Amino acid sequence: MTTIYNTLTRQKEPFSPIDPENVRMYVCGMTVYDYCHLGHARVMVVFDMIARWLRECGYPLTYVRNITDIDDKIIARAAENGETIGKLTARFIQAMHEDADALGVLRPDIEPKATENIPQMIAMIETLIQNGKAYPAANGDVYYAVREFAAYGQLSGKSLDDLRAGERVEVDGFKRDPLDFVLWKAAKAGEPAWESPWGNGRPGWHIECSAMSENLFGDTFDIHGGGADLQFPHHENEIAQSVGATGHTCGHHHAQTHHGQSIASHVKYWLHNGFIRVDGEKMSKSLGNFFTIREVLKQYDPEVVRFFILRAHYRSPLNYSDAHLDDAKGALTRLYTTLKNTPPADPMPSEAGDDYTRRFYVAMNDDFDTVKAVAVLFELAGEVNKTNDAQLAGRLKALGGIIGLLQRDPTEFLQGGAASDGLSNEEIEDLIARRKQARADKNWAESDRIRDLLNEHKIILEDNAGGTTWRRG
């Protein structure tokens, strides 16, 4: 039985899907105006791991991750670059897919784009107005009236009064309440716009996800995920919109928030992954401590980055530094070295192997605890190193594969590495051949010179009876 920590109820709950034959998960994706950063990498890898695990448990899963392809930042960046919005977003969607593929992230089943779902957004806004949950303002915008939704604040755990006191809310004379948020923005000169009952304009960000998830999944669904930064206001607003439009909620067993509200959500389980921190501070563009996936992949193998993300619990903050990535590289190298030294065979049932599998499953079923699951992989690798048991090595590879690790040829991983290491594989092989000749000629000075040169490039040699093997350090 899988248990999941539900942000909405603030507790771990047994995973019991609405329809076990049709499990549905929606994750907020990228706003495509720039290259993806490490925070995006964490969202992609974490929910890829969760999707893989649910499928491993036999659930028929439909995984949707949306693409925000219309937004203030997109409009501004396209204008700055002097290119069309379509050209800009197409370029960064392709870059996002390249980054995700490199990190071993399987493509979601559906990737809806906001611009392809405008009619659904307009229809939902019309319903919200009819239901008394939204109002058109004199400036041509349409706002959601938060005081008309009794459960507003349930996800962030704050009352409307708390939120008004604590949030920096921009003053807007057209709103009835400072916390009211925009559903439809009136057109501005030179910006893309669509026709609507309230005049030309474009959707607000929050309505996009409500309309796309309802269009694909219906009124209620199982899992909604995203980064912790989306909990408020984005996900809070999604609940208000979706429940405000349809009136349909998932039963949360009459649960209440800590200030006594009834819980009313169209999603049964809300999941949020933790922030990435750099030197103890949240990674963000404004602080300038910001790394794109591409920058990191110039230094580190993509599987090292995936492993670095999965070594931490998905809800914990993840501290980024070169030292932490070097540590992840060393740890993953140890696992691949085990598989190189004991080539895996198809695992057969065995008492020892079955016990490792059971413990791996127990860890993953406990709110996707990859920290404990990875610890099981290291224990299993230790056993393989002691016994040289090819079937246990096969078990190690198979368990790693469940979370998207250890599927490459070990030699290819160990000899691969960032191009910035300076020496190509061919140059390394050539130097090793020259060193071998120098040793045969008893030219120890030349042999040592070549070893030192390789050492400078972090190439580690291992001399054994069958010759010399190497890997990148």
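Backbone N, Cα and C define each Cβ position, glycine as well.
According to Swiss-Prot, the feature Zn(2+) binding site maps to Cys28, Cys209, His234, Glu238, an assignment based on sequence analysis. The number of other Cβ atoms within 10 Å of the Cβ belonging to Glu238 (Zn(2+) binding site), over all protein chains shown, comes to 27.
Counting residue by residue with DSSP, the motif ''HIGH' region' (30-40) contains 3 helix, 2 strand, 6 coil. The motif ''HIGH' region' annotation in Swiss-Prot covers 30-40.
Under the heading motif ''KMSKS' region', Swiss-Prot lists 282-286. Residues 37-39, 275-276, 320 of the same chain sit 6 or more residues outside the motif ''KMSKS' region' (282-286) yet have a Cβ under 8 Å from a Cβ within it.
Cβ neighbours of Lys285 (ATP binding site) (same chain, under 8 Å, six or more residues apart in sequence): none. Annotation note: Lys285 (ATP binding site) sits in a coil segment as assigned by DSSP. According to Swiss-Prot, the feature ATP binding site maps to Lys285.
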Neighbouring C-beta atoms (10 Å sphere around the C-beta of His234 (Zn(2+) binding site)): 18
Entry from the binding-site residues list Cys28, Cys209 having the most other CB atoms no farther than 10 A: Cys209
The motif ''KMSKS' region' (282-286) [mean pLDDT, rounded to integer]: 78
